[in-house]
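As recorded in Swiss-Prot:
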DOMAIN    17-53  domain 'Oxidoreductase-like'
DOMAIN    76-178  domain 'FAD-binding FR-type'
BINDING   158-173, 183-215  FAD binding site
Amino acid sequence: MAETEEEEDSEAWLRLKPVEPLPSQCCGSGCSPCVFDLYYRDLERWETARARNDRSLLSGKQPPESQSCSAKLSPETFLAFHISTMEKVTKDTYLVRFTLPGNSRLGLRPGQHLILRGVVDGLEIQRAYTPISPVTAEGYFDVLIKCYRTGLMSQYVESWRTGDTAFWRGPFGSFLYEPKKYGELLMLAAGTGLAPMVPILQSITDDEDDETFVTLVGCFKTFEGIYLKTFFQEQARFWNVQTFFVLSQEVSPEQLPWSYRDKTHFGRLGQELVAELVACCRRKPFTLVCGSPAFNEDMARCLLSAGLTEDSYFLF
């Protein structure tokens with residue numbers, strides 16, 4: 001009889017043992033804590049509780065689904081947020097607005113990002129996204145999400161409908177913009193790599209005391225693929241902001257509106273153009289880079305060749 005009770009107790013403990021995450025559950029963005037950090041923390045807690053035969057030591061663990069959006073944003077726990085609107089801004093990209101309770105703020109600083117959790121065919125996946133809404137936005141936050149034909153997270157996002165719930169945790173990010181710290185910022189972004197630049201840029205132009213010069217360069221395939229055109233047109237009206245675009249699949253300025261012809265380069269952003277951008281800055285710029293791993297690597301190499309040092313740029 002005692003042996004049966006011992007076996008049942010052992011099985012009960014095994015059911016409580018944390019499950020090691022799959023590789024797909026790691027977003028690959030170097031977040032801290034990572035899903036694997038959380039797993040090892042919970043595993044250590046479980047091992048201690050089992051050794052002491054004290055299940056109360058597991059009380060710190062809460063399933064992500066148990067937290068509603070009324071709770072405080074946490075890097076460790078996923079919170080539920082409702083989708084209020086979902087706008088298709090290009091053929092493969094959505095601007096999604098999530099509701100915050102009352103007039104509360106999300107609590108991110110410019111440059112920080114969140115982790116989205118999705119489940120497709122029973123497989124859990126996680127990806128990093130940067131909200132593009134102002135950090136002062138009340139009652140909502142906006143996220144720009146590009147969908148890929150074979151992407152698992154893309155399948156999950158394209159299944160969303162207004163009123164659905166999505167789970168986020170955060171904030172994360174080792175770059176935190178500090179007003180007036182840099183005399184000049186050079187922003188190099190490819191595609192949705194614009195996302196972390198948007199709240200940083202807006203925080204500068206919203207602050208009358210922050211006179212940081214900003215040169216933003218957005219890289220896209222076509223003019224139609226440029227995100228947030230209206231926003232960047234408005235930002236370019238500020239005395240301390242310049243915006244440029246690099247289009248890899250356009251060949252003639254005649255196909256562009258007049259307002260874009262003088263600030264658009266055709267081809268790819270390479271060594272020569274990066275050197276020219278750095279040289280045109282009023283002072284040595286601090287450079288922010290965000291795009292694919294290959295884009296980031298190329299830009300780092302170009303910046304070093306242009307005379308910048310490794311401590312004068314940041315790769316998102």
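Placement of Cβ uses the backbone N, Cα and C atoms for every residue, glycine included.
On a predicted model such as this, the values are computed, not experimentally measured, just so you know.
Recorded features from Swiss-Prot, shown on the structure.
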{"residue": "Glu158", "record": "FAD binding site", "CB count, 10 Å": "14"}
{"residue": "Thr165", "record": "FAD binding site", "CB count, 10 Å": "14"}
{"residue": "Phe172", "record": "FAD binding site", "CB count, 10 Å": "20"}
{"residue": "Leu188", "record": "FAD binding site", "CB count, 10 Å": "31"}
{"residue": "Ala195", "record": "FAD binding site", "CB count, 10 Å": "24"}
{"residue": "Gln202", "record": "FAD binding site", "CB count, 10 Å": "20"}
{"residue": "Asp209", "record": "FAD binding site", "CB count, 10 Å": "6"}
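Reduced to three states, the DSSP call for Gln202 (FAD binding site) is helix. The domain 'FAD-binding FR-type' (76-178): residue composition by secondary structure is 7 helix, 50 strand, 46 coil, according to DSSP.
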